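First the structure, in the form of structure tokens, and then the observations on it.
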Amino acid sequence: MSTKNKKAAGGNGGAPKQTRQQSHDSQDYSSFKTVLFYCMLIVFLPVLTFFVLKGFVLDQFLDISEVKVNIASAVGAVVALHVALGLYIYRAYFGAPGSKASKTD
């Protein structure tokens, strides 16, 4: 029997390995999307919070000085940053539902 026939007679020897690789790739992609989402949230949420508070909320509706508006907007941005970090840490610590690591041999 030649090596060509042995490979043909062997069946799907590579199929479980390929399926396992696709499963790992899917998990890696899911992890990448999660980390990218939280990175963007941590970067953009405080910036958006600062400018929304400064431009639309505090300047429009409250009659306070410019310095106090900037300080209040900065405090709001710091609070938003802590909320985003807290969400990331909570997700990293407790994990997503169904994301338990399973060992396969």
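Placed from the backbone N, Cα and C atoms, the Cβ positions cover glycine too.
Taken from Swiss-Prot, the feature region 'Disordered' applies to 1-26.
Among the features that Swiss-Prot reports, topological domain 'Cytoplasmic' is placed at 1-36 (among others), with the record citing sequence analysis.
Annotation comment: Swiss-Prot describes 58-68 as topological domain 'Lumenal', evidence class sequence analysis. When the topological domain 'Lumenal' (58-68) is classified with DSSP, helix, strand and coil residues number 7 helix, 0 strand, 4 coil.
Annotated topological domain 'Cytoplasmic' per Swiss-Prot: 90-105 (among others), in sequence order. Mean pLDDT for the topological domain 'Cytoplasmic' (90-105) in the predicted structure: 70.
Per Swiss-Prot, the feature transmembrane segment maps to 37-57 (among others); the stated evidence is sequence analysis. Residues 69-70, 72-74, 76-81, 83-85, 87-88, 91 of the same chain, all 6+ positions outside the transmembrane segment (37-57), place their C-beta atoms under 8 angstroms from a C-beta of that stretch.
Annotated transmembrane segment per Swiss-Prot: 69-89 (among others), in sequence order, evidence recorded as sequence analysis.
Here the transmembrane segment (69-89) has Cβ contacts under 8 Å with residues 38, 41-42, 45-51, 53-54, 58-59, 62 of the same chain, all six or more residues outside its ends.
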